[in-house]
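Visitor: Submitted below is the structure of interest, expressed as structure tokens.
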Amino acid sequence: MFERTKNLGRNVTALLLLGFFSALGNGMINVFIQPYLKHIGLSPQEVGLLQLASSIALSASLIPAAFLADKFGRKKIALSSLVPILPGFLMVLYAPGFNYMLVGFVLIGIGNAIAGVTLNPLIADVTPRDKLDLVGSLSQILGLVGASIGMALSWVPQLIANSHSLLDAYRTFMLYGGIIVATSFLLLLPVRDNVKPSEKFVLGFSRETLIFTVLSAITGLGAGASIQLINYYFMTKFGVEAGELGTRMLVETLLMIPFTSLAPIISSRLGTLKAVVALQLASIPLLVATARAPSFLMAAAFFTLRTVLMNAANPLFWSLTMKTIGPEERSRYTMLNILASQIATGTGSAIGGTLMNINLDSPLYLTASIYLVQTMLLYTLLKKLDNN
């Protein structure tokens, strides 16, 4: 696979490196954010509300962001995503109360909308069509490597907590992660945007776009119900801290690297659709096993394997969408896909947080049921699309 990465060009290389460093910084943030929120005294319902607020802000910003990307170019608008993200992130770290933190999550949601509708279409635009599978897989691998480095630092706050409070240590390391993410956007400067800005913005969608969007929304609903709250779940049920959580996430990330590398080979033998369906079906029982596990070690093992199986086909699914949907619709597809996914994920988080207050394990059972429905629809709808 890596022999084929030669001569990808400056644009693709810069965007791949941006993804690596951004994943590294986000890896540091993601492993600490839920322990941080728990240590400042937020309930699972309040954590779910923060994620819902961010999702609503992201969703409301997608259409304006896609319009601006088409009008002024994806590169310029991608850089502007830092304008709301930076103050929002600082508010999350240093907000004096829940309402201020809510505003911070809203600003981050706006910035994520801008980045979301620009960066993925931008890397597809600068990648030759015959290398989309390769670049998609390589992008995920580099992201996983970067995230694993960030997660590997998860024990440091607990080791230095003797001289600093654990809460202050979490906050400091998230700040370092945010600095890395912001700095990584400098790699956008040498990238040449190959798609010329358009004076017209057509808010229309093809049948293929709608099918892919529905599938992503159902997945987002299931993920929001329990996957996004899983660290809070593990902390509450088993009493673990960021060190244990980060170790699990690191192992998960390291396992995903070889699985992602093998994904193009597996799909070439089974076919892309059958490979995705098989991997998703295999992951669903492991969610149920996670909820029933008597120890953190067993629950972590089941959940880690579930995530590896569920996510292994992501770059192939992305490649399929980019091949099916033309350059002129990619920003609009990405906008609609993120819009539907975020609304569904935010709704799922609110539902999952409420259910977790009632019964700790119930959100995982709900996610397993939703994923089963999504997998059945995925096979039915995409099989018809493939036949057509």
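Backbone N, Cα and C atoms are what each Cβ position is placed from, and that goes for glycine too.
So TrEMBL lists these for the protein:
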| type | residues | note |
| --- | --- | --- |
| DOMAIN | 11-386 | domain 'Major facilitator superfamily (MFS) profile' |
| TRANSMEM | 12-37 | transmembrane segment |
| TRANSMEM | 49-69 | transmembrane segment |
| TRANSMEM | 76-94 | transmembrane segment |
| TRANSMEM | 100-122 | transmembrane segment |
| TRANSMEM | 134-157 | transmembrane segment |
| TRANSMEM | 169-189 | transmembrane segment |
| TRANSMEM | 210-234 | transmembrane segment |
| TRANSMEM | 246-266 | transmembrane segment |
| TRANSMEM | 273-291 | transmembrane segment |
| TRANSMEM | 297-317 | transmembrane segment |
| TRANSMEM | 338-358 | transmembrane segment |
| TRANSMEM | 364-382 | transmembrane segment |
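A description of the local structural setting of each listed feature is requested, covering burial, neighbours and distances.
Guide: Averaged across the domain 'Major facilitator superfamily (MFS) profile' (11-386), pLDDT for the predicted model comes to 85.
Counting only same-chain residues 6+ beyond the ends of the transmembrane segment (12-37), those with a CB under 8 A from a CB of the stretch are 46-47, 50, 119, 122-123, 126-127, 135, 138-139, 142-151, 153-154, 157, 167, 170-171, 173-174, 176-185, 187-188, 190-191, 229, 231-232, 235, 241-242, 245-246, 249, 253.
Residues 37, 42, 77-78, 80, 101-102, 105-110, 112-114, 116-118, 121, 201, 203, 224, 228, 331-332, 334-336, 338-339, 342-343, 345-347, 349-350, 353 of the same chain, all 6+ positions outside the transmembrane segment (49-69), place their C-beta atoms under 8 angstroms from a C-beta of that stretch.
Within the chain, the transmembrane segment (76-94) has long-range Cβ neighbours (under 8 A, six or more residues past its boundaries) at 65, 68-69, 100-101, 103-108, 110-112, 114-115, 117-119, 122, 171, 174-175, 178, 182, 185, 188, 193.
Beyond the transmembrane segment (210-234), the same-chain residues lying 6 or more positions past its ends with a Cβ under 8 Å from any Cβ of the stretch are 31, 34-35, 37-38, 44, 47-48, 51, 55, 240, 244-245, 248, 287, 296, 299-300, 303, 321, 324-325, 333, 336-337, 340-353, 355-356, 360, 363-364, 366-367, 370-371, 373-374, 377-378, 381-382, 385.
If you look at the transmembrane segment (246-266), the same-chain residues 6 or more away from its ends with a CB under 8 A from one of its CBs are 1, 27, 30-31, 133-134, 137, 140-141, 144-145, 147-148, 151-155, 234, 275, 300, 303-305, 307-309, 311-316.
Distant neighbours of the transmembrane segment (338-358): 43-49, 51-56, 58-59, 62-63, 109, 113, 116-117, 213-214, 216-226, 228-229, 232-233, 236, 366-367, 370; these residues of the same chain sit at least 6 beyond its ends, with a Cβ under 8 Å from one of its Cβ atoms.
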